[in-house]
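Here is what TrEMBL records for this protein:
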- 18: active site (ACT_SITE)
- 120: active site (ACT_SITE)
- 135: active site (ACT_SITE)
- 5-172: domain 'Josephin' (DOMAIN)
């Protein structure tokens with residue numbers, strides 16, 4: 001319903017910070033994580049390096065899975081890799097609060113589509129027994145529902161991890 005949609009936190013895309021937005025959207029709270037925290041995780045993962053392999057060389061974001069996994073662990077959540085060869089119908093949905101997916105993304109410069117294949121982190125979150133796509137590139141959260149979640153996940157050929165947090169640990 002429209003009332004449910006207005007209470008859903010949905011952070012929009014800025015720079016190359018899709019991992020940050022996916023995490024904050026998953027936890028449904030602004031500033032659950034800050035860019036400085038994710039940069040700190042990068043530094044801890046690869047100390048004393050001039051070019052950090054866990055983020056963009058320019059420091060604009062573009063964080064890798066190691067940063068996301070460490071950030072989730074920092075909040076006491078368990079991230080579980082999902083083997084994309086398996087059927088998503090095998091997932092224990094009542095015990096999954098959401099998903100973080102790494103999906104293909106086109107690269108635009110203004111209105112011009114560039115022939116670069118990029119990757120983009122998105123969050124899918126269960127809210128009041130329905131799943132929502134909280135992709136930071138969307139104008140608003142997109143209702144997926146509960147019944148369609150397996151079919152929706154199958155549409156992504158590279159879906160990466162599920163977040164196995166229980167709802168109470170997300171409401172800190």
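Cβ atoms here come from the backbone N, Cα and C positions, even for glycine.
DSSP assigns residue 18 (active site) to a helix. Counting only same-chain residues at least 6 apart in sequence, those with a Cβ under 8 Å from the Cβ of residue 135 (active site) are 120, 122, 123, 142. Least packed by the Cβ count within 10 Å, out of the active-site residues 18, 120, is 120.
In three-state terms derived from DSSP, residue 120 (active site) belongs to an extended strand segment.
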